[in-house]
Amino acid sequence: MPHTLLILNGKESGNPEVREAVKNVRDEGLTLHVRITWEHGDAKRYVEEAATLAVSTVIAGGGDGTINEVATALMSLPADKRPCLGILPLGTANDFATGCNIPLQIENALQLAVKGRAVAIDLAQVNGEHYFINMATGGFGTRITTETPDKLKAALGGVSYFIHGLMRLDALKADSCKIHGPDFHWSGDALVIGIGNGKQAGGGQLLCPDALINDGLMQLRLLTAKELLPAVLSTLFNGEKNKNVIDATVPWLDITAPNDITFNLDGEPLSGRYFHIEILPHAIQCRLPPNCPLLG
């Protein structure tokens, strides 16, 4: 069997369940290398090392940010030398893994990441150098996910993002911008901007419910209203129609703003006044369960 490399977020290096799952894989006679990340840039270095280890799969062990860092590093390799991506969900929200029906039980998730079916999936590229595998959020949604205290996330998991968001309703500020894509033009003030390759963000909220990771498209969702915000947020996440929620499905978008906007790319903040976002169809192979609801 080809070798596998697990890139593990340093926060999980002492996790006894991870150690047991790794031991069980090795006891089957499979070669599983493990590398620990301690600072930004480690994942890229380990992905580059994967080429010298004859690795066919690189597993991201951590949350959505770790998955993003590993997927971004994979894109720096030539397409014909790019290992498959495996996912071991160990974060707070685990939005991409949950959306894919990847098991949250560590043993089962690692077995899938090592042996699962490899499927070609899309990635979204931002300004030619940044990527997201799940979702980019702007406006209020970004401030929730980037400012939610670590202690609250640890205590409450994904629901902490929503609770913290409700606590911050008095601090709402819309982002003024223009958004342009194929047969789509919009300008105005957006409270929430969601651009989904995957369906959910912020700890399980279905922000882009129609998104798929292998259709060459991304779903854009805008929330434009400030009035009766709790009711509008409920509409945004439960799929009901509302004139303040704008939807589009496109292969690319240009976003311009008079002031800096911060987008959260799978947990990684990126600020600026211009964003070109496009889907790269079938950019990487990912080991996914057969019942993955993000596949078309």
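Glycine residues also receive a Cβ, built from the backbone N, Cα and C atoms like all the rest.
The domain 'DAGKc' feature in Swiss-Prot is assigned to 1-130. When pLDDT values are averaged over the domain 'DAGKc' (1-130), the model yields 96.
Counting Cβ atoms from all protein chains shown, Asn68 (ATP binding site) has 24 others lying within 10 Å of its own Cβ. Annotation note: Asn68 (ATP binding site) sits in a helical segment as assigned by DSSP. The feature ATP binding site is assigned by Swiss-Prot to Thr37, Gly63, Asp64, Gly65, Thr66, Ile67, Asn68, Glu69, Thr92, with sequence analysis given as support.
There are 20 other CB atoms within 10 A of the CB of Leu217 (Mg(2+) binding site), with all protein chains counted. According to Swiss-Prot, the feature Mg(2+) binding site maps to Leu212, Asp215, Leu217.
Here Swiss-Prot flags Glu268 as active site, proton acceptor, drawing on sequence analysis. If you draw a 10 Å sphere around the CB of Glu268 (active site, proton acceptor), it holds 18 other CB atoms from the protein chains shown.
In the three-state DSSP reading, Leu217 (Mg(2+) binding site) counts as coil. Fewest other C-beta atoms within 10 Å: among the binding-site residues Thr37, Thr66, Thr92, that description fits Thr92. Remark: Leu212 (Mg(2+) binding site) has Leu294, Leu295, Gly296 as non-local neighbours, by Cβ distance under 8 Å and separation of at least 6 in sequence.
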